[in-house]
Amino acid sequence: MMKFQDFSSGLYVAAKFSDSTLDEIENLQRELKVPNPVPRHKIHSTICYSRVNVPYVVSTGSFEVANSGELQVWDTQDGRTLVLVLDSDYLKFRHNYARALGATHDFDDYSPHITLSYNVGPAQFSGIVQVPVILDREYKEPLKINWTEDLK
């Protein structure tokens, strides 16, 4: 049973991907000559970034969660971020599961994605990419508000 103080720490949940998916993502980063690529060991998809902790149970199993994505550049407070937006009913379902438990979300909607670079500068990217995205596992940890410090 969760105690009151457990709810104040926040919750972060993410999906990690199979080695074959990581190989595909790294190949994509190289082919596109992505500036400042996210390193292999940090490639993930955020499922839940909640300012309150909830009793989320991570999923187990390895299976395809998407087979394509759309390249988009998002303007963020940290710069121009290149993402591969995934059409994944599974990741949306897991996000909605967290929300049903009471998790918060800072944006109007949830767009499952894999960040390819947190800083692409003026470079432009767009298009649909065929890539099998295979879940390896989910993990959860206390929310780190200053997570961008880990990127340095």
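Including glycine, each Cβ sits where the backbone N, Cα and C put it.
Per Swiss-Prot, 3',3'-cUAMP binding site is recorded for TYR12, GLU141, TRP147, and the stated evidence type is similarity to another entry. A 10 Å cutoff on Cβ-Cβ distances gives TYR12 (3',3'-cUAMP binding site) a total of 19 other Cβ atoms nearby, all chains included.
Per Swiss-Prot, the feature 3',3'-cGAMP binding site maps to TYR12, GLU141, TRP147; the stated evidence is similarity to another entry. Under the three-state DSSP scheme, GLU141 (3',3'-cUAMP binding site) falls in the strand class.
Positions annotated as active site by Swiss-Prot, on the basis of similarity to another entry: HIS44 (among others). Taken residue by residue with DSSP, HIS44 (active site) is part of neither helix nor strand, so it is coil.
Residues or ranges marked as active site in Swiss-Prot: THR46 (among others).
Cβ environment of HIS113 (active site): SER45, GLY69, GLN72, VAL83, LEU84, VAL85, LEU86 lie under 8 Å away, each six or more residues apart in the same chain. Taken from Swiss-Prot, the feature active site covers HIS113 (among others).
Of all Cβ atoms in the protein chains displayed, 19 besides its own lie within 10 Å of the Cβ of THR115 (active site). The active site annotation in Swiss-Prot covers THR115 (among others).
The recorded positions shown are TYR12, HIS44, THR46, GLU141; of these, the one with its CA atom nearest the CA of THR115 (active site) is HIS44.
Taken residue by residue with DSSP, THR115 (active site) is part of a strand. Taking the Cα atom of each, THR46 (active site) and TYR12 (3',3'-cUAMP binding site) are about 8 angstrom apart.
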